[in-house]
Amino acid sequence: MATDLSSPTLLLSRNNTSAPRFHQTRNSLSLYRTTYPLSNSRTAIPRLRLLCRTSGTHSTSVSDVEFAAEVGQHRLSKEISPSSSPSLSLSRFQSLLCLFPLPQFLVQVPVANIRNFCIIAHIDHGKSTLADKLLQMTGTVQQREMKDQFLDSMDLERERGITIKLQAARMRYVYENEPYCLNLIDTPGHVDFSYEVSRSLAACEGALLVVDASQGVEAQTLANVYLALENNLEIIPVLNKIDLPGAEPDRVIHEIEEVIGLDCSNAIRCSAKEGIGITDILNAIVKRIPSPCDTAKLPLRALIFDSYYDPYRGVIVYFRVIDGSIKRGDRIYFMASKKDYFADEIGVLSPNQLQVEELYSGEVGYLSASIRSVADARVGGTVTHYNRRAENSLPGYKEATPMVFCGLFPVDADQFPELRDALEKLQLNDAALKFEPETSSAMGFGFRCGFLGLLHMEIVQERLEREYNLSLITTAPSVVYRVNCVNGDTVECSNPSLLPEPGKRLSIEEPFVKIEMLTPKDYIGPLMELAQDRRGDFKEMKFITENRASITYELPLAEMVGDFFDQLKSRSKGYASMEYTFVGYKESDLIKLDIQINGDPVEPLATIVHKDKAYAVGRALTQKLKELIPRQMFKVPIQACIGSKVIASESLPAIRKDVLAKCYGGDITRKKKLLKKQRLC
């Protein structure tokens, strides 16, 4: 129990170098005034340094940075000092400081002092490291809790070293003696998770464009910038990793200006790992990113940008308040699902969940309302008050278009209900995932799932197996084809077994993508050869700089679904990058390739291929199946067929008695005689 704060043991001083000595009492506490600059401005921030003595001889010092870290864990922040409230006396302030936790002192930050921004970059350009350093510098995360990739909460993200899910965090920063609330959203960098990036951008007014000072502009850098420009965001260029020996910031600045067209005269040079330039970034966020509009008096409209399922609390919704305000206990209405609930808990992410009483327009937070049905709170939906509903819902997000499809089947057929529930809960957290039931004669009941890419497919499978303890069988990835029938109908087909008979179809169209490859000039030839081998149609090649070129092709998505990205990295020794966009469907000379084992067709092994590649694919499939299928007591033919025509064949020999076991010597004619006798039997 602390002693009376108004006793003579309390010393107030302007000295910020050494703490005053304590009187030898059993419990004592001392405060003194200090100054600590939290920005590059000349204004020093008056602070209170708290010194506590427990029952012993050792004293504990809580420094200004630690004090700011404790305060920075809450969304509502102004200067914690008696000067921030003239009516609050020093003794009263000191008494309350000990009797009540710090969040009781924190008051609402005005909307003009709120900044919502996200970090966008190509994969492995240092987004997560920069986010960690921002959390550290603003005192949002205490030093003892800090770890690398702090916002990457999944083990899968840490193992692979990539960001899979967007993560939100609220930070506190004081600039020129004014408190600011900075809402950060860290985004993925891989092209397969671009839907996560687009949702993040819709909830922000600005973006930090992070570019590696040694690698320069990459393909996903361009894609993310274009997404940000579509959302009319203020973009702040940041050159990261300037401490590397191979860093060339001047060259990269020239690249950004030439390729993207951004003015980089005030680009920030930093090193997130070494902590260089972090304060400049925070100051630029405050000065250059606009504040959200103050629409607190309008009816509530909040945009759901993410959500997940908690087994104890139900669906947890992450939202950005666009108009109005929301309080704990309010009756809320989801305009998309037409369901209403009571907001049992609302709060902010700092980056852990902290409960608050009310959120206003421009703020980002979460709510829990005991929502048990995962379909009631979908991403992109609008939340409003039940009694004072908004007239129109927010535009939401553009629906994600799956690019790659595959079948997911449980190894144990009894796990089918668990797989369905797991997919529904995962879809809540990953809005780009699509699925529908599917039945296979070989594997039973399962689901046909749509993904944005191969990595997305891999991540979803891993998450299902890890988070929901499922054992799954995954079929080969495929794409959606359009079949023009003789009767004039158009059928979309993602499963080769559903393809209409040859007599009923007029033509088959396949999806094409526009792919842009950024590469050093030394690897232009191998990459063009790769694209030509995959039936690519050359569109454009231009030199971004003297040593880097951009190559544009249009090629079938089915050709890119396989090992295209692996080949791209292999042929360019890891220096090339790629980004692709869907352009539409084009008619192609496609056929259905069937696999027959012992004369019976196996539908799950059927595939749709281009006519020119049918033989190579058929030969590869039959040879692989010959290695995998166990031998039987009889000969098993394995055939690849187009209709009734066999184009490739392998045979699995029957298991026979070893009649040559007793022939340890002698003439070869003896062995031939025994083998001939065995064949005739």
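Backbone N, Cα and C atoms are what each Cβ position is placed from, and that goes for glycine too.
All annotation found in TrEMBL is predicted automatically rather than curated by experts.
If you check TrEMBL, you get these features:
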type	residues	note
DOMAIN	112-293	domain 'Tr-type G'
BINDING	121-128, 186-190, 240-243	GTP binding site
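Annotated features taken from TrEMBL, shown on the structure.
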residue	record	contacts (Cβ under 8 Å, 6+ apart)
Thr187	GTP binding site	Cys118, Ile119, Ile120, Lys127, Thr163, Leu166, Glu196, Val197, Ser200, Asn224
His190	GTP binding site	Ile123, Ile162, Gln220, Gly453, Leu455
Ile242	GTP binding site	Ala213, Pro249, Arg269, Cys270, Ser271, Ile276, Gly277
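Cβ-based neighbour count (10 Å, all protein chains) for Asp124 (GTP binding site) stands at 14.
Ala121 (GTP binding site): 28 other CB atoms within 10 A of its CB, across all protein chains. Of all Cβ atoms in the shown protein chains, 26 besides its own fall within 10 Å of the Cβ of Lys127 (GTP binding site). Mean pLDDT for the domain 'Tr-type G' (112-293) in the predicted structure: 83.
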